[in-house]
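Participant: As listed in Swiss-Prot for this protein:
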{"type": "BINDING", "residues": "10, 11, 12, 13, 36, 38, 122, 124, 203", "note": "NADPH binding site"}
{"type": "BINDING", "residues": "123, 149, 150, 174, 197, 210, 215, 216, 219", "note": "1-deoxy-D-xylulose 5-phosphate binding site"}
{"type": "BINDING", "residues": "148, 150, 219", "note": "Mn(2+) binding site"}
């Protein structure tokens, strides 16, 4: 029996995780849940899974939720303190880190410090504080399992093989909804257009990141930390069908690939049950029904965000933290209609140009640099 805390239970990953938990009650028990503002869905989850503790964004929402719970014995907390309490709950032995963005850093790092195994869906944790987090993982002796479909695919393709035999990691990308649009048309796309992903059902922020290809850039950085692999040994292939989720090429010329229908329940379940597997309800893959699988290199002129991620890795130190902070600010500005889609990468690059990388020796340093990046990007956007 695994006792779980889910950080971000009302988001796409959180909801899918709870579907797996509900299908296998003999394997999982929910100890704590956290959410932002969607307390109506959180109330349904409390009724279904009876957690000991839940945490929400602020005190106002916490009071409102308490009023909705009547005689439930679930404790309600709020803010960062509440998130950390959920992440470090004494009965929890695995934390599903599914909070979107840099907001997931503090509770995830607290969970690691408390000795909890991690199922990591929050890629920004490793993007912003990769060295610090991986050092904590080693020091505390915890297990960190990837939930992202691409990193799960790499993890599965590495099983039974030696790291020193790896020639390169190949992350696949669908290309998003704007794969074939010209640069001129990219400047005219709407929020509605950008949120219409062809293959995956995801939250708003990650869907926009997928459209800009920043999501793949973040995944390159995450893969570098997860698998201790330099950037030059991590490639990206556009694969519009999203059937092969990623590959590992070995020095003998063999390539191991993980395939499946695009459904996040599969990598979530693998992270929760490794090295075992459980039925997930994911539709079986029938290769005979596919017209073909195609692969090609990304267009970094039309989608410069991917190259910005490689630049951030090359610059190192605090630059990925600044890049991520600027991206979160720019995506929020696009979603609110304040900037054009093509302004996202432009504003990130300008923010990075203002930054001189410095070493990060603590999570507090990461938070300070993250704030710097947000402030600089916000200032830049005023002139767009």
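Any Cβ shown, glycine's included, is placed from N, Cα and C.
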Participant: List, in sequence order, those binding-site residues among 123, 197, 215 whose Cα sits within 10 Å of the Cα of residue 148 (Mn(2+) binding site).
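Facilitator: Neighbours among binding-site residues, in sequence order: 123.
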Participant: State the three-class DSSP label for residue 197 (1-deoxy-D-xylulose 5-phosphate binding site), counting H, G and I as helix, E and B as strand, and everything else as coil.
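Facilitator: Assignment for residue 197 (1-deoxy-D-xylulose 5-phosphate binding site) reads coil.
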Participant: Looking at Cβ-Cβ distances, which residues of the chain lie under 8 angstroms from residue 215 (1-deoxy-D-xylulose 5-phosphate binding site) while being 6 or more apart from it?
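Facilitator: The answer is 173, 206, 209.
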Participant: I'd like the Cβ neighbour count for residue 150 (1-deoxy-D-xylulose 5-phosphate binding site), meaning other Cβ atoms within 10 Å of its Cβ, all protein chains included.
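Facilitator: For residue 150 (1-deoxy-D-xylulose 5-phosphate binding site), the 10 Å Cβ neighbour count is 26.
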Participant: Out of the binding-site residues 123, 197, 219, give me the one sitting nearest to residue 203 (NADPH binding site) by CA distance.
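Facilitator: Looking at Cα distances from residue 203 (NADPH binding site), the smallest one goes to 197.
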Participant: Most Cβ neighbours within 10 Å: which of the binding-site residues 10, 12, 122 is it?
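Facilitator: The largest 10 Å Cβ neighbour count belongs to 122.
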Participant: Can you tell which of 123, 197 has the least company, meaning the fewest other C-beta atoms within 10 angstroms of its C-beta, among these binding-site residues?
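Facilitator: Result for the binding-site residues 123, 197: minimum number of other Cβ atoms within 10 Å at 197.
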Participant: By the DSSP assignment reduced to helix, strand and coil, which category contains residue 215 (1-deoxy-D-xylulose 5-phosphate binding site)?
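Facilitator: Where residue 215 (1-deoxy-D-xylulose 5-phosphate binding site) sits, the three-state DSSP reduction gives helix.
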Participant: With an 8 Å cut-off on Cβ-Cβ distance and a minimum sequence separation of at least 6, pull the same-chain contacts of residue 219 (1-deoxy-D-xylulose 5-phosphate binding site), or say none.
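Facilitator: 123, 148, 150, 151, 171 - these are the non-local Cβ neighbours of residue 219 (1-deoxy-D-xylulose 5-phosphate binding site), listed in sequence order.
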